[in-house]
Amino acid sequence: MTETTPSFWVVIPAAGVGSRMRADRPKQYLPLNGRCLIEHTLDCFLDQPGLSGLVVCLSPLDEWWPVLACATDSRITRADGGDERADSVLNGLQALTSLGADERDWVLVHDAARPNLTLSDLQILLITLQNDSVGGLLAVPVRDTLKLAGPDGRVSSTPDRSLFWQAYTPQMFRLGALRTALSDALVAGAVITDEASAMEWAGHSPRLVEGRADNIKVTRPEDLEFLRRR
Ligand SMILES: Nc1ccn([C@@H]2O[C@H](COP(=O)(O)OP(=O)(O)OP(=O)(O)O)[C@@H](O)[C@H]2O)c(=O)n1
Ligand SMILES: C[C@](O)(CO)[C@H](O)COP(=O)(O)O
């Protein structure tokens, strides 16, 4: 029996400049196997039967998006990115509301810079969380020994790594709860680096859903080299 998956909306934050890549363009437009990273990322979602709609958050100065074939895809709506990733995501959530999304609808937020998401991981996330009271995120248990750095750049301690997971995306929450948590956290000046941290700030405990470790975020040059070698 194949388990059914819920309907969902998607927000793709893609308004960053990719400074850590030190490339000649924002990293979401760097080539991978003949197409831009963002095209690979969008493909993970566009043919999903449960997709209600997708918003891509882009810099108002983005000159790379309009020449892509997906720029004219009727399933994709463009929203302006903000100063930080969290601001971009909040703009994307507000765009979903304009598209008719309901407060109780599931929203998946996925980094444009993660082009290697698999269908199986997407389905695992949707199936695992579809009846969850909070939502959650794809994540990977830490596999290396961790070191806490001291102010002198030397090891301060070795924490128990069994308690640590790396947060990945997609992160999946109900539209209204996420928008409220994110908006309130930003107004309060909280440091929000992912959607789960906004939900945690609001007092919720997102569920960790174990996914593939190769759903990496392309952040530094070697990350793209890794994907190109596959
Ligand atoms: N103001 C911002 C900053 C980032 N992002 C997006 O959030 C994702 C993850 O952010 P990150 O890897 O930090 O991307 P950049 O901010 O572009 O990278 P850097 O920090 O190296 O500049 C990326 O898809 C990026 O495009 C965004 O939509 N709006
Ligand atoms: C959202 C995220 O990808 C989860 O690991 C990460 O927090 C993004 O961080 P960045 O500094 O904006 O790349």
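Every residue gets a Cβ built from N, Cα and C, even glycine.
Curation does not apply to TrEMBL; its annotations are automatic.
Lifted from TrEMBL, the feature list:
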SITE      Arg20  site 'Transition state stabilizer'
SITE      Lys27  site 'Transition state stabilizer'
SITE      Arg161  site 'Positions MEP for the nucleophilic attack'
SITE      Lys217  site 'Positions MEP for the nucleophilic attack'
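A straight line from the CA of Lys217 (site 'Positions MEP for the nucleophilic attack') to the CA of Lys27 (site 'Transition state stabilizer') spans 11 Å. In this structure, the recorded sites under consideration are Arg20, Lys27, Lys217, and the one with the smallest number of other Cβ atoms within 10 Å of its Cβ is Arg20. Taking the Cα atom of each, Lys27 (site 'Transition state stabilizer') and Arg161 (site 'Positions MEP for the nucleophilic attack') are about 31 angstrom apart. Same-chain residues at least 6 positions away in sequence with a Cβ under 8 Å from that of Arg161 (site 'Positions MEP for the nucleophilic attack') are, in sequence order, Val142, Asp144, Thr145, Leu146.
According to DSSP, Arg161 (site 'Positions MEP for the nucleophilic attack') is assigned to a helical segment.
Arg20 (site 'Transition state stabilizer') carries a helical DSSP state (H, G or I). Checked against ligand 2, the recorded sites Arg20, Lys27, Arg161, Lys217 give Lys217 in sequence order as having a Cβ less than 6 Å away from one of its atoms.
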